């Protein structure tokens, strides 16, 4: 099916990951919003380029034509336009749907979570864009996934590059989609797709090849600002100047060593208008296992200044920039690591198990557990009238519950509870 059940261990791992991501989003002052899973078909169509074929459309039943949301960005833009919101910093964590060929080992599903952070509003150039990249850096560092690289480019630089290489404007978007495959295919295959499928001239493809294999930092930006062809193109020059500014802000944020200005980064979606970025994990190694590097990008995003205007009756634009964390792909990596290390994932947050060593003490357990629950303590007990003490202690070990509160006849007489540390087996009377 390309969707998956989430057993308790997986769900516990996912919840911890999501909690770390939400903490980061909140730290940056974002408010949570939610949008419906169903959108009008017309809302989604024409926003995703060649990826539109992956939209799940629902059968018409004599009413509106609907589809399942493909991402969280287009619904957000529609929300801003409908509610005439011109300024917002938000996050949204929810499931999205793609009629894709699933590859579960690579974290590719038809139903999966996205975690989005977006800044909407008219601000000075590159400040919100730099913050989005800082957030990606914070999250990937906090999750300790190993070494990573954040690639950045700009649609204006790409479009300027296409223009100076002699590509007609009508083929810009389809050329973008092909260049976006450079991380998965060698240049020769990308070049042949451009020429044979997209109808570009071999000369134009070769001229593009000179640019898209370049990557670097501020030095490359300076070099391209002096490039005899690119420097003559207004769009490319604008994009390169903003890219230089972005790198200055990223240097101040202290994260520039993880950023690469990469001219092959294209991101195949139609709605991007400026800076685009994508985070990839580098070769992963740890004590237990070499995790395959075929997981692909784990975060991506960019600037989409024209999207809100598409939904506004008067065409009013709201500039936006945002990032999406590919949490499902990150799950896949962490699951493999946990599996290989033999580490046990706690599926509950229970702090204490209420236990009794003798028969006929169910009432004592029920009274004590009520006190604990009322005090906000996470507590459990076994659903048997007279469970054996060994069984109760074994349950604690199996579930990773750290403490057992034991109340027997002697404890009832003395008005105490015996608190046992499950790991060290130390006991104290309280």
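Cβ coordinates come from backbone N, Cα and C, glycine included.
Residues annotated as domain 'Aminoacyl-transfer RNA synthetases class-II family profile' in TrEMBL: 1-357. Taken from TrEMBL, the feature L-histidine binding site covers 71, 72, 73, 98, 114, 118, 267, 271, 272.
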> Counting other CB atoms within 10 A of each CB, which of the binding-site residues 73, 114 comes out lowest?
Replying inline: 114
> Including all protein chains displayed, how many Cβ atoms other than that of residue 272 (L-histidine binding site) lie within 10 Å of its Cβ?
Replying inline: 25
> For the L-histidine binding residues given in the record (71, 72, 73, 98, 114, 118, 267, 271, 272), what is the largest pairwise C-alpha separation in angstrom?
Replying inline: 21
>> Below 8 Å Cβ to Cβ and six or more residues apart, same chain only. Which residues does that give for residue 267 (L-histidine binding site)?
In response: 176, 180, 276, 278, 300, 302
